[in-house]
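**Q** Below: one structure in structure tokens.
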Amino acid sequence: MSPAPEKSRHGNGDEGFKSRVTVVGSGNWGSVAAKLIASNALKLPSFHDEVRMWVFEEVLPNGEKLTDVINKTNENVKYLPGIKLGRNVVADPDLENAVKEANMLVFVTPHQFMDGICKKLSGEITGEVEAISLVKGMEVKKEGPCMISSLISKQLGINCCVLMGANIANEIAMEKFSEATVGYRESREIAETWVQLFSTPYFMVTAVHDVEGVELCGTLKNVVAIAAGFVDGLEMGNNTKAAIMRIGLREMRALSKLMFPSVKDSTFFESCGVADVITTCLGGRNRRVAEAFAQSGGKRSFDELEAEMLQGQKLQGVSTAREVYEVLNYCGWLEMFPLFATVHQICIGRLKPEAIVHYREHKA
């Protein structure tokens, strides 16, 4: 699909044109994203009031369908209980129907589902459409790693920005002050449209010209959070945890720049960088489940702990650690990234959780 003129994409040159937004995903973060966008769609004259949200249909214990309950109560009772999404949010279990009229697509699902979603939508996306990915993770293919924004762009033929940051979803749902970073590749104008759509007085969004840097920060910090969880589970203390966070941030920066030399150092000082590492290592689900894993001495599997502790939400750090390990092994970089390599080996039971501090940092 050839790029459309910037003005017509967002209706700036079309009298009366209104953008339609669909959120592809309805988990914890997807529901919060829908809430943010819905509040702004009502206020911004260039957007339709209605915000569609694709829901992977589930039957609740009472026999009702999750989609029906969301549309009846205006609340995602499974993944974001107690929070009203906005009356203009419409849940739709049919993926193709949900995106049919949208010209702005927000992808926010566990990264392991994105390849299947893109394949299902291939050929369904027509006209002048923009996308943004809130998905943390990467696809590792035989030809090398593929970022989720690139997967969306290649499979659907559309431009894709990213939004990452220090964003524990439940805190944003309760309207506690937070920040986020939009990464864009080409048009600053499109990035600013996304900023406008997500920004609220309690959610401050800034744009940077570095898609890969922003996206890799959001992806790799979950591996660091797993390491921080091991430290907490073994009660190693704050000094150790701070050291692991620093080493993790160094490895994030080094790997990002090896994979994409265009990545900017300044990106690591944005919300998507150091701030996201801090909040995820203090309060995220990856840290919490890794802590339980270490407390069990590695005897309980991550799959078992995920099912018990996350009520249907997905853990990202363990699968990302595996994907990162595959990239490092494929490229011959394992010795340069001892923390990332060690996290994966602990996750699969090759090393004990105590091994998280039993290595020397490689001096590149």
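Backbone N, Cα and C atoms are what each Cβ position is placed from, and that goes for glycine too.
What TrEMBL says about a protein is an automatic prediction, not a curated fact.
According to TrEMBL, the protein has these features:
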ACT_SITE  K221  active site, proton acceptor
BINDING   G25, S26, G27, N28, W29, G30, F56, F113, A169, R285, K314, Q316  NAD(+) binding site
BINDING   K136, R285, N286  substrate binding site
DOMAIN    21-186  domain 'Glycerol-3-phosphate dehydrogenase NAD-dependent N-terminal'
DOMAIN    210-357  domain 'Glycerol-3-phosphate dehydrogenase NAD-dependent C-terminal'
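Each of the listed features needs to be described in terms of its position in the shown structure.
**A** Within 10 Å of the C-beta of K221 (active site, proton acceptor) there are 32 other C-beta atoms, taking all protein chains into account.
Contacts of A169 (NAD(+) binding site) defined by a Cβ separation under 8 A and a same-chain sequence distance of 6+ are given as N28, W29, S31, V32, L80, in order along the sequence.
Taking a C-beta cut-off of under 8 Å and a sequence gap of six or more, R285 (substrate binding site) has these contacts in its own chain: M309, L310, Q313, L315.
The DSSP breakdown of the domain 'Glycerol-3-phosphate dehydrogenase NAD-dependent C-terminal' (210-357), given as helix, strand and coil counts, is 115 helix, 0 strand, 33 coil.
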**Q** Would you pick out, from the binding-site residues K136, K314, the residue whose Cβ has the largest number of other Cβ atoms within 10 Å?
**A** K136
**Q** Of W29, F56, the binding-site residues given in the record, which has the fewest other CB atoms within 10 A of its CB?
**A** F56
**Q** Would you mind ranking the binding-site residues G25, G27 by how many other Cβ atoms sit within 10 Å of each Cβ and giving me the lowest?
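**A** It is G27 that, of the binding-site residues G25, G27, has the fewest other Cβ atoms within 10 Å.
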**Q** Compare all C-alpha positions of G25, S26, G27, N28, W29, G30, F56, F113, A169, R285, K314, Q316, the record's NAD(+) binders, and send over the largest distance in angstrom.
**A** 21
**Q** Can you give me the same-chain residues 6 or more apart in sequence from N286 (substrate binding site) with a CB-CB distance under 8 Å?
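**A** Residues satisfying the criterion: N222, A225, I226, G229, T280, L315, Q316, G317, V318.
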**Q** Report, in whole Å, the straight Cα-to-Cα distance of K136 (substrate binding site) from G27 (NAD(+) binding site).
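**A** Roughly 13 Å, rounded to the nearest whole number.
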